[in-house]
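Asker: Here it is, the structure, as structure tokens.
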Amino acid sequence: MAPFVYSTLIISLGLGTTMTFASTHWYLAWMGIEINTLAIIPLMTQNHNPRAIEATTKYFFAQATASATLLFAAVSNAFLTGGWDILQTNHPLTSTLATLALAMKIGLAPLHSWMPEVMQGLSLLTGLVLSTWQKLAPLCLIYQIQPDSPNVFITLGLLSVVVGGWGGFNQVQLRKILAYSSIAHLGWMILILPFSTPLALLALFTYLMMTFSLFSSFMLVRTTHINSLSTSWAKIPALTASVPLILLSLGGLPPLTGFLPKWLILQELTKHDLTPIATLAALSSLFSLYFYLRLSYTMTLTMPPNNPAGTLPWRLSPQHNTLPPALTTAATIYLLPITPAILALFTF
């Protein structure tokens, strides 16, 4: 892809998300999401192979369906309330329709079926954009149209946590595992959103940080299959120690950073007399922890005993900038002790 075209698409990605962030009018917010969708489609087809084309087609149809539903919800809300203001989406029908459309945009269960298949056909870099940046604009709109009853959010959140855990079982493709991991983490955010917006933002922040660290690590070792993780020690030995910690942080094990949002979310749900829901979410997260442990085991305890002939790749000069993944990996592992400072930052 030509550098000018690539730069134009990246700028369009940023412009679409920024337009949605700055909009109070439904039509402008919808237009920003559409710019975002149309900008990433050429990026998804950079690799000219049938799997990438199939993934792009599935993504386009899923996003087109969600966009049509969202526009219908906005028009219906304008008809019922007489205004296009996003904050005035008070009617139960329109708020539920808009929430479901945005849930399909980001891949929440039970509207998630497109997400793993699309991720499987993309490169790791495009998958990183799909798992992080593409979630921001729909989540911003979900935050603004919170309905009076939290039942829709609780249902979507619990289903996403359960499906995200169950779906990762018996998967050997890392991109599909990352897709189900994304579904589960988004479920935690949606589950707590009606009760504590700062905790939802904290969960989003930690999710973006941990996901960037893991995708960057996989891009450094150029691996997309679980079996090839066992040879990563010969490419970058430091990743053999850091990636299992990132995976355990994603699973929410203390004393790593990933434990922080889950701990606070469970505490907040208990305060609102939702102990059964908190218990079910905590038990469901054990499914996700299983395949994180499986990846950690594959990477650290199944190293081949023989050394490859020739110069080991880790002795050569790195071809990628390793500073951003190093910083995010450190934050993914070490932030739990400064929990009070982080809470003060996200509480407003």
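Backbone N, Cα and C atoms are what each Cβ position is placed from, and that goes for glycine too.
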Asker: Looking at 131-150, 151-170, which stretch does TrEMBL describe as transmembrane segment?
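Answerer: Result: 151-170 is the stretch TrEMBL calls transmembrane segment.
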Asker: State the mean pLDDT for the domain 'NADH dehydrogenase subunit 2 C-terminal' (289-343).
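Answerer: For the domain 'NADH dehydrogenase subunit 2 C-terminal' (289-343), the model's average pLDDT rounds to 76.
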